[in-house]
């Protein structure tokens, strides 16, 4: 043991006298001249601070958005090096962050889905704001703004939220038939993505009450209850989000909670006197220079455009639904909502079409 202690303490008590700052000494870090002579970094006493808005930044599908980020020093000093700025997107399931953009000076590179859509906005002194154009549903989430000045590295987080709507979805074959990956796919087929917990919580706070459990984007299974009742967790539980926690993404099967945002186009209704089959409905939309609407598009038109139609119409998944913004007699329950007739194997109805602006 004495020999071990001596070996451990020897480097510290020897003739090497590295200066200590904040409990660390710095040596050979970005400062080696290559001539064998070391250069030690001395701090100037200034503290690097990164600041982003504490409130969420809101946008919508297809829009442009700026995520503000500024940095400064206390006390104020001029930066000695070129500042490196990195933006990354935090994942809902806490896996590795997604790289968005890296910049040094005026040179930057965007990555993945953000190529061609992301750039820095540096109009002001010490600004590192991120601009994202043509916002997509999957852009919703938290973003980290990181500023690196030599050995100084500070960051803060911006919360980007899309204005949207959460809707529960079951496929034609019935309740609890989807594993996680199938749930992802059916939401995409309906012009949507799997909802996050924050999106489901927001929908619950706005009145969503649904007793069937569904997948969320982080691989958990949950459902929102406004009115406690026996089949939905019991009468003794308070209103809230009921959770089954993480489930096996291949083996376990549930419904899905999908998220859709505001539309770039419009949803409109077509009908013939005798109604239409599903195939005839698809053709009618094409003849009108449109396509048959998806479920997510109908929900978005109902929520954001006030679409109100008391006539049932086909949708792309083979379901028949109709949106009611102003409840009235003979149009279903007394609350606003999208009514569903399920997936009829036969019958003739009108159709909801979607057309880009």
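Residue 1 is the first one shown; counting continues down the chain.
Note that Cβ sites are derived from N, Cα and C of the backbone, with glycine treated the same way.
Counting residue by residue with DSSP, the domain 'Ig-like' (62-158) contains 6 helix, 50 strand, 41 coil. Residues or ranges marked as domain 'Ig-like' in TrEMBL: 62-158.
TrEMBL lists 165-260 (among others) with the feature domain 'Link'.
In sequence order, 223, 225, 229, 231, 232 are the residues near residue 211 (disulfide bond), counting only same-chain partners six or more apart with C-beta under 8 A. As annotated by TrEMBL, disulfide bond applies to 211-232 (among others).
If you look up TrEMBL, you'll see 266-355 (among others) marked as domain 'Link'.
Around the Cβ of residue 310 (disulfide bond), a 10 Å sphere holds 15 further Cβ atoms from the protein chains shown. Look at TrEMBL and you will find 310-331 (among others) tagged as disulfide bond.
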The domain 'Link' (165-260), counted residue by residue under DSSP: helix, strand, coil: 22 helix, 30 strand, 44 coil
Let me know how many other Cβ atoms fall within 10 Å of the Cβ of residue 331 (disulfide bond). 15
CB neighbours of residue 232 (disulfide bond) within 10 A? 19
